Ligand code: AHG
Ligand code: MN
Ligand code: MN
Ligand code: MN
């Protein structure tokens, strides 16, 4: 018998309100997953003629999934503000103990090619009273819970409440989330990297050195052949790293001098999971979770995964 998410949560040393919130997030992910699964039938693939705050063309599913997360009745009075990739400003609700920060559809360029996408979320403590943007700008270290749902061949929820990482698969027949991996751990060493190689010419010398050494294979300085994977969905690539190890990088490069991925709803929740699974998550040198955010949509370089490789990249940066 596999443990349902509700029973797992009942055994966690977390307040009842947080457990209820996580169950509500899981329900929302189930609904979003269903919208993803049926998107071609419902005519919900493709782009809209509009951009989000970061100047990306929004997909129909970006907006639909975001709207599903905005349904206040879901949150049972536990959330006082929502923050999303798809909304410029915070979205206040009446009152609640928590802030919920999310990327409704991660990897949305994959929607139309039936590739892997997901939903990423982060839970922070809310101060009392009305919420201002500054209240949300908390370092990732203060997250109470974080996770993602991945809508792939299986629909899986990966979750941390700060005591390890567990994975729950969606039983499509009953709608239950059942624990399929009690404790995800990342091996310290790996021979697999994930990076968008088409950006090679824009990378910093340290990143170029690291990847070029991986590519040199057995006869190079690393003395080993490396494999490469890139799904163009952070959730998909990170799920592989959490499952069998690896290093995932979206570094700062020379194009804008900043990374691509967003700190509050991509890098922070994923970094929390990666650290909880025994890996490292840095901006290239320093832990992502220690960064003090100064903007809801700020971008950050990301280097995360198997400890030895992430440390090697940091060493190259410092050299
Ligand atoms: P989103 O779809 O939420 O905007 O995020 C896309 C991100 C991330 O999921 C992925 O790792 C990266 O963009 C892919 O970028 P490239 O298209 O540059 O490879
Ligand atoms: Mn986007
Ligand atoms: Mn994303
Ligand atoms: Mn997104």
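Placement of Cβ uses the backbone N, Cα and C atoms for every residue, glycine included.
Summarising the annotation, TrEMBL assigns domain 'Fructose-1-6-bisphosphatase class I N-terminal' to 14-181.
All protein chains included, residue 105 (Mg(2+) 1 binding site) registers 30 other Cβ atoms within 10 Å of its own Cβ. For 85, 103, 105, the entry in TrEMBL reads Mg(2+) 1 binding site.
Per TrEMBL, the feature Mg(2+) 2 binding site maps to 103, 106, 266. Of all Cβ atoms in the shown protein chains, 28 besides its own fall within 10 Å of the Cβ of residue 266 (Mg(2+) 2 binding site).
DSSP gives residue 109 (substrate binding site) a helix state. The number of other Cβ atoms within 10 Å of the Cβ belonging to residue 109 (substrate binding site), over all protein chains shown, comes to 15. The annotation substrate binding site is assigned in TrEMBL to 106, 107, 108, 109, 196, 260.
DSSP places the residues of the domain 'Fructose-1-6-bisphosphatase class 1 C-terminal' (186-317) in helix, strand and coil in these numbers: 60 helix, 23 strand, 49 coil. Per TrEMBL, domain 'Fructose-1-6-bisphosphatase class 1 C-terminal' is recorded for 186-317.
Within 10 Å (C-alpha to C-alpha) of residue 266 (Mg(2+) 2 binding site) lies none of the binding-site residues 107, 109, 196. Among the binding-site residues 85, 103, 105, 106, 107, 108, the ones whose Cβ sits under 6 Å from an atom of ligand 4 are, in sequence order, 85, 103, 105, 106, 108. Mean pLDDT of the predicted structure over the domain 'Fructose-1-6-bisphosphatase class 1 C-terminal' (186-317): 98. With a cut-off of 6 Å between Cβ and the nearest atom of ligand 3, the binding-site residues 106, 196, 266 reduce to 106, 266.
Other C-beta atoms found within 10 angstroms of the C-beta of residue 85 (Mg(2+) 1 binding site) number 25, with every protein chain shown included. Working note on the binding-site residues 103, 108, 196: by count of other C-beta atoms within 10 Å of each C-beta, 103 ranks first.
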